[in-house]
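Copied from TrEMBL, the annotated features are:
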| type | residues | note |
| --- | --- | --- |
| DOMAIN | 46-295 | domain 'G-protein coupled receptors family 1 profile' |
| TRANSMEM | 30-54 | transmembrane segment |
| TRANSMEM | 66-83 | transmembrane segment |
| TRANSMEM | 103-123 | transmembrane segment |
| TRANSMEM | 144-163 | transmembrane segment |
| TRANSMEM | 202-226 | transmembrane segment |
| TRANSMEM | 247-266 | transmembrane segment |
| TRANSMEM | 278-297 | transmembrane segment |
Amino acid sequence: MQPHRNGNLSVMPLQEFVLEGFEGGPPTQALLFALFLALYVVAVLGNLTMIVLITLDARLHSPMYFFLKNLSFLDLCYSSVIAPKALANFLSSSKVITFEGCATQFFFFSLLVTTEGFLLAVMAYDRFMAICSPLCYPISMRPLVCACLVLSCYCGGCLNSILQTSFTFSLPFCSSNHINHFFCDVPPMLKLACADTTINELVMFGICGLIIVGTTLVVLISYGYITGTILRMRSGGGRHKLFSTCGSHMTAVSLFYGTVFVMYAQPGAVQSMEQGKVVSVFYTLVIPMLNPLIYSLRNKDVKDALQRLGQKHTAT
């Protein structure tokens, strides 16, 4: 029997975990339930609206909006992996999740979040090709290429998710089955392990750091060339439109990569669970809620498409 790091020799196979979530009595839990529900409903409605709008409006059938539709799909899915269980736990006294359910939740969350990180880099590359090589753009970003790029994002996300899930859930867990979080994530899971988690932490920081640095470099290099091209343009109106479109993407990139870096790509993340909970709320619910607003409020094409859809609905 392997000893616990704190000296407790009691190790038992766990069949279920308890998601402790946030501290506080029934009034606090009710307030958190209302907050999570509001964020989740807005995120679902916003992302569904973007998906339907881009699908129905022929003027938005371009590579940029194809990627944006996939971004909305990812935001919709990974917030739905987390929010329903969290909402149920706010109203429950047990807050239990099975071992298999915990592993499944983490697998899909890791898959979808990693895929989104890769997709944001692909979207930056798409803008680079559209602005810096407009003559080659229709060939370079033809539908088959776009589909392959999105598929490669999912493959990268799946590979990372398999590695993270297998490394984490193959650990021996101690008799304490209380996860100090509102969903199954690596940092709080490592706290329950009875074995040395140095390898797991190195894998998490290494892979996440590599993904974040690699995708950030793609974004920065792409936007470096884009900025130079835009500044050389003579048309002030053209510069304003391109800066507005690219500004929406840079805002989404900054929010996503910043919060993921704080949580996974720096060693202090594993030690600060309370900070981790707040950061996790931001990237599991707030960012999926904000992305449709960012891309719709600062994008004239999307606003025009919304108006056309509204006019069509009132006419019928």
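Glycine is treated like the rest: Cβ placed from N, Cα and C.
Here the transmembrane segment (202-226) has Cβ contacts under 8 Å with residues 114, 117-118, 120-121, 124-125, 127-128, 131-132, 156, 160, 163-164, 167, 186, 242, 246, 250, 253, 257, 260-261, 264-267 of the same chain, all six or more residues outside its ends. Within the same chain, residues 36, 39-40, 42-43, 46-47, 49-50, 68, 71-72, 75-76, 78-79, 82-83, 109, 113, 181-183, 185, 248, 251-252, 255-256, 259-260, 262-263, 303, 306 sit at least 6 positions outside the transmembrane segment (278-297) and bring their C-beta atoms closer than 8 Å to a C-beta of that stretch. Contact between the transmembrane segment (144-163) and the transmembrane segment (247-266) is absent: fewer than three CB pairs lie under 8 Å, with pairs separated by 6 or more positions in sequence.
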